[in-house]
Amino acid sequence: MDRHTKVILLSIILLGFGLRALWLHHSPPALNWDEVALGYNSYSLSKTGRDEFGYKLPILLRSFDDYKSSAYAYFSIPFIYFLGLNEISVRLLSSLSGTMIIVVTYFLAKNLTNNRIVGMFASLAISISPWAIFFSRAAFEANLALLFYLAGVYCLIINSKSPGKHLVSAVFLLSLSIYSYHSEKILAPITFILFMFTNHFLIRKNQKTILLFLLTLLPLAIIYFNNPETTSRMSSTSLYHALKRNSDLSPSSLVNAIYSRYLSYFSPINLFVRGTGEPTQQISGFAEFYSFWFFFWVAGIINIIKNPKKYKNLALLTIISPLPAILTWNWFYPARVLPLFVFFTIIISIGFVSIARHKLALLFIVPLTIMSLTHLIGSITYIFPGTSKGAWQFGMKEIITESSKVEGDYNRIIFETRTAQPHIFILFYSNYSPDKYQKEIKKIADNPKGRKDFNFGKYEFRDVYWFRQDEYAKDTLLVGPPSSLPLEEVRLNKEVDRIIVVKDKEGNVLAHIVGMK
C-alpha cells in the first residue's frame, strides 16, 4: 500500500469513526433493553465472573430468556470497567467494530475484485452508508459478529489464493463470529464449507484445521441440544413455527414463504427506498442505502453477470448471506443480514467505478453524495433522537436517576411502567450489586423455565392503585405515570412526604414519584 493510498484510507477511517462515535450518548435517544442487558451482564461478569442469573462464564446469556450470544458482553468488559455503566461504555465496542469494518472491507473488496480502486470506494461507501452507521451507533451483537465474519472471509480468500496461509486465522475469526450472534451460527459454517468445496484441494491439505473448526462448534451444539429453553427460543422465531401457528404447513406454503423472504432482501424498494420501517433497525428517513446508489448496484450486478469467473466468490457470498434470515418469521430484518449489505456495498462500488469512468457522471454523484450525507448527519443529531424515543425506551434513565436519589429512605418501592423488562433498567442505572442481585433471585435462576416474576430486593413491578390500596401504603416509594399518581389527589394525602415530577429536557412529564411515610 503506497503512501497516497494510506492517507486516503486513513481519512475515510476518521470520517467513519466520527459518524459512528459522535453524539453516541443521545443518538439513538436512549439505551434499549437489549443494550442495557448486555451492559449489565458485562458489568456482572467483570465483578463476579457470572451473568445476572449467576451462571459462571456462560457461552449464552439467559437474559430475557432469549439466550443472547455472550461475546459482546465479554468484549465490553474493559469499556464498562473504565467508563462505568452508561451509553458510551455500552455502545463503544460496536462503534469501534464498525470503524474496523471499514478497514476490513477495503482489503476484502480489493481481494474479491482484484481492484484496489473498488476496495477504496467500498471502504468509503461503508463509512457513510446509513445501515453501517446505524448498526455501529448502538450495542448490536450483529455488528461485532460482522467484523469477525468479514475478517474470517478475508482470510479464507487469501488462503484460496495461497493455500495454507491464514486458514487457522480464518477458523479462529469465524468461530468468534459464531459466538457473537445467532445468524453467524448458520452463515459462518456454510461459508467455511463452501470455500472448502469450491477449493476442494484445500480439504486434503487442511484436515486438522477443518477438524479444529468443527470442534469450536461443539460447546454450542451441546448447549443447544441439552437445554430445551434454547431450542424453544429458536422455534419461537422460526418460520416453521409461525406457519404452524397459522395452521398452514403445506409444502407449497413453506416454499413460498422461504422464497418470498429470500427475495425481500434483494428488493430495491427495501434496500434503497423504504428500508424496514423499524426505528430500532434504521435511521429515520433512510433505507439501508442512499436511493441514488441503486444505479451503481444495477451496474455492479451487470458487471458480475458479464464476468462470472472473476466475481465468483463475491457472487457466492452474496447468494448465501440471506440464508439465516429466511428461516425466521420476520419479513425483512436487517440485523440478520449485515454480511449481505457489505457484499452489496462491494457490488455498488464495482458499479460506481464503471460509471465514474464517465467524468460527466461525477458532476451528479459528488453533489448527491454530499447532500445525502449532510441529510444523514442532520437526522442522526436532531431528527432521529426526537422521533424514535418510544422505540428506545426513552425516559427510564431519567426516572430511575431521580428515584435512586431517594430510594434509601424507604423499605419498599412500587414501580409501574409500560416498558417491558423494567428490572434490567433498575439494575443498570442504579449500579446494582451483581452479587447481591444474584442472591436475591437464586430461586428464579434455579428454574430454567421462562421468567414471570421480575421483583427483587425492595422493588415490586406492578400497576400503582392509588385510590384502592396504595394511598394507604407505609414506608413506600411509588413510581408511576401521572395517570396513576394524579397530583391533585396525591397532595391531599397527609402521609405523603415527598413528590417528585420527572420531566425530559423539553418539559414533558415522564413520571411522578411519591414517597409515603
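In case you wondered, yes, glycine gets a Cβ from its N, Cα and C as well.
Because TrEMBL annotations are produced automatically, they should be read as predictions rather than curated entries.
Going by TrEMBL, these are the annotated features:
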type: TRANSMEM; residues: 7-25; note: transmembrane segment
type: DOMAIN; residues: 79-222; note: domain 'Glycosyltransferase RgtA/B/C/D-like'
type: TRANSMEM; residues: 88-109; note: transmembrane segment
type: TRANSMEM; residues: 116-134; note: transmembrane segment
type: TRANSMEM; residues: 140-157; note: transmembrane segment
type: TRANSMEM; residues: 164-180; note: transmembrane segment
type: TRANSMEM; residues: 186-203; note: transmembrane segment
type: TRANSMEM; residues: 210-227; note: transmembrane segment
type: TRANSMEM; residues: 283-302; note: transmembrane segment
type: TRANSMEM; residues: 314-332; note: transmembrane segment
type: TRANSMEM; residues: 338-355; note: transmembrane segment
type: TRANSMEM; residues: 362-384; note: transmembrane segment
Contact count check, CB pairs under 8 angstroms to the transmembrane segment (88-109), set 7-25, 164-180, 362-384; argmax is 7-25
In the domain 'Glycosyltransferase RgtA/B/C/D-like' (79-222), how many residues does DSSP put in helix, strand and coil?
123 helix, 0 strand, 21 coil
So what's near the transmembrane segment (283-302) in sequence-distant terms, Cβ-Cβ under 8 Å and 6+ beyond its ends?
125, 129-131, 133-134, 268, 270-275, 334, 341, 344-352, 354-355, 365, 368-369, 372, 375-376, 379-380, 383-384, 387-388
Which residues, given as numbers and ranges, are at least 6 beyond the ends of the transmembrane segment (362-384) yet have a Cβ under 8 Å from it?
19, 23, 27-29, 128, 130, 133, 137, 283-286, 290, 292, 352, 355-356
